Amino acid sequence: MFLPILFTISLLFSSSHASVSDFCVADPSLPDGPAGFSCKKPAKVTVDDFVYHALGIPGNTSNLIKAAVTPAFAPQFPGINGLGISIARLDLAVGGVVPIHTHPGVSEIVFVVEGTISAGFISSSANTVYFKTLYKGDVIVFPQGLLHFLFNSGKTPAQAIFGFNSPNPGTQLLDFALFANNLPSEIVEKVTFLDDAQVRKLKAVLGGTG
């Protein structure tokens, strides 16, 4: 008799606790874990934790890929911690590109604000490529964890807004993963079928060693 009562009380306690936990504003001063950041004490939460202004500022595209991503993830925007969402701004100069990459376990939706952006993703089952040129007002979705890419295919700068189903989506750029580290060139050549000259050239461009 005691155990069922104890179980019922524990359920009521859990339900009550969940109902009063309306949010979990990130506390960046504490370590980040698999479940996200620890919660800031409610007494220290302010309305500014739920507001973010940086997406109105153009990113600096003066770099190798002529692209800039301005994130509004949990570290920058504490109020979204634990809510399963985030957003980011993309700026693409003429000729700008976001190389093939993935967000492990995360889906992404892209809304084109200005310009012309060509985008696509690759299925994991048959390596089928789904590719489309997008214009102002168009939307594309990249299914969970699949390799995808974007580039400015127009003659003017382009801008887009990304949405993610994670407050802190990780990103792994394929080119940088292969050529911007210290993995020995002979191993890279073996696993990519590229020759030594190509591997060394890419490592030099992306800052890799070995």
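All residue numbers here begin at 1 and follow the chain in the order shown.
Placement of Cβ uses the backbone N, Cα and C atoms for every residue, glycine included.
Annotations in TrEMBL come from automatic prediction, not curation.
Features of the protein shown, as given by TrEMBL:
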- His101, His103, Glu108, His148: Mn(2+) binding site (BINDING)
- His103, Glu108: oxalate binding site (BINDING)
- Cys24-Cys39: disulfide bond (DISULFID)
- 53-200: domain 'Cupin type-1' (DOMAIN)
- 1-18: signal peptide (SIGNAL)
Taking 8 Å from the centroid of the Cβ atoms of His101, His103, Glu108, His148 as the cut-off, which other residues in that chain fall inside it around the Mn(2+) site? Thr102, Val106, Phe121, Phe142, Leu146, Leu147, Pro169, Thr171
Rounded to a whole number, how many Å is the Cα of Cys39 (disulfide bond) away from the Cα of His103 (Mn(2+) binding site)? 24
Which has the fewest other Cβ atoms within 10 Å: His101, His103, His148, the binding-site residues listed? His101
Measure the Cβ-based neighbour count of Cys39 (disulfide bond), defined as the other Cβ atoms within 10 Å of its Cβ. 17
Restricting to the domain 'Cupin type-1' (53-200), report the mean pLDDT as a whole number. 96
Glu108 (Mn(2+) binding site), number of other Cβ atoms within 10 Å: 23
Spatial neighbours of Cys24 (disulfide bond) that are distant in sequence (at least 6 apart) but have CB under 8 A: Gly36, Phe37, Cys39, Asn81, Gly82
Summarise the domain 'Cupin type-1' (53-200) by DSSP state, stating how many residues are helix, strand and coil. 25 helix, 57 strand, 66 coil
